[in-house]
Amino acid sequence: MRLFGGSFTHQASVAKVVGKQGRGRAGIEASLDVEYLMSAGANISTWVYSSPGRHEAQEPFLQWLLLLSNESSLPHVHTVSYGDDEDSLSSIYIQRVNTEFMKAAARGLTLLFASGDTGAGCWSVSGRHKFRPSFPASSPYVTTVGGTSFKNPFLITDEVVDYISGGGFSNVFPRPPYQEEAVAQFLKSSSHLPPSSYFNASGRAYPDVAALSDGYWVVSNMVPIPWVSGTSASTPVFGGILSLINEHRILNGRPPLGFLNPRLYQQHGTGLFDVTHGCHESCLNEEVEGQGFCSGPGWDPVTGWGTPNFPALLKTLLNP
């Protein structure tokens with residue numbers, strides 16, 4: 001904030017930490033999340049949830065979600081920059097975590113997850129390459145955020161796909177009704193679809209939205225670090241913007257946004273800049289040559305509906 005926050009009102013520190021904190025210094029990931037959530041969502045009270053340890057050698061999502069479920073008063077928007085491969089988790093655990101996501105949606109919470117930084121992903125199943133979806137990005141009950149970059153990385157120019165932006169189709173969750181029309185239109189109209197054997201076309205498709213994910217400055221332990229990138233950056237930025245919109249809604253006597261996806265798809269991405277150029281990465285083989293899905297007009301599994309245009313998005317989401 002001392003380097004870049006001189007021109008706007010902001011809070012000086014995190015308001016509350018929930019959970020156990022390690023004794024080590026903050027890493028780049030935690031610093032990135034907090035700094036950009038608190039600057040994009042300037043002057044909004046911010047909490048940090050800390051859930052150490054592992055589950056099935058992966059992230060302890062259930063531990064964190066149970067913390068949320070056991071609190072009666074908590075923030076309206078939550079952003080998470082962590083994820084695992086769907087296939088790395090047991091079906092029982094994935095479904096249990098997804099049940100907690102349903103509960104959070106029913107409570108009126110907005111949960112944002114990074115879509116991942118490996119494009120469509122890639123793994124080999126019985127000697128055949130397939131794309132590798134990420135969880136919780138693939139849950140139908142969270143809003144998943146992809147990434148973009150500027151066409152000229154040294155100037156504020158048109159946004160294009162950041163080739164690392166995670167996206168694709170779940171092998172666990174079926175396509176939810178709220179995105180049926182948008183995904184069907186993409187599958188029908190895209191001129192750059194990968195072979196059908198690489199993805200589950202009937203699965204929950206993600207991301208839902210995107211934001212800039214390239215070329216961030218992060219200060220970690222008093223050291224400024226340039227050129228930090230990833231959907232770990234785009235997700236807290238989008239979360240900060242939604243927090244500002246919630247503030248306007250509450251001041252106008254309306255409830256917080258809550259579970260955002262049905263509304264996003266019903267409004268066909270109104271209030272978002274449509275990103276129509278670029279493809280993300282995937283399997284490095286002769287069949288797809290490292291290319292996954294490509295963006296196009298409307299929704300796509302690389303940048304979703306697009307990136308936030310705050311004045312237009314505020315106007316769109318302010319009313320019930």
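In case you wondered, yes, glycine gets a Cβ from its N, Cα and C as well.
Per TrEMBL, the features are:
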- E29: active site, charge relay system (ACT_SITE)
- D33: active site, charge relay system (ACT_SITE)
- S232: active site, charge relay system (ACT_SITE)
- D274, V275, G298, D300: Ca(2+) binding site (BINDING)
- 1-320: domain 'Peptidase S53' (DOMAIN)
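Features per TrEMBL, on structure.
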| residue | record | contacts (Cβ under 8 Å, 6+ apart) |
| --- | --- | --- |
| E29 | active site, charge relay system | S81, S232 |
| D33 | active site, charge relay system | T79, S81, S232, T235, P236 |
| D274 | Ca(2+) binding site | P297, G298, W305, G306 |
| V275 | Ca(2+) binding site | T148, E159, V160, V161, A210, S295, V302, T303, G306, T307 |
| D300 | Ca(2+) binding site | G167, F186, S190, F293, C294 |
Within 8 Å of the Cβ centroid of the Ca(2+) site residues D274, V275, G298, D300, which other residues of the same chain have their Cβ?
G269, T276, S295, G296, P297, W299, T303, G304, W305, G306
Fewest-neighbour residue among recorded positions, criterion Cβ within 10 Å, set S232, G298:
G298
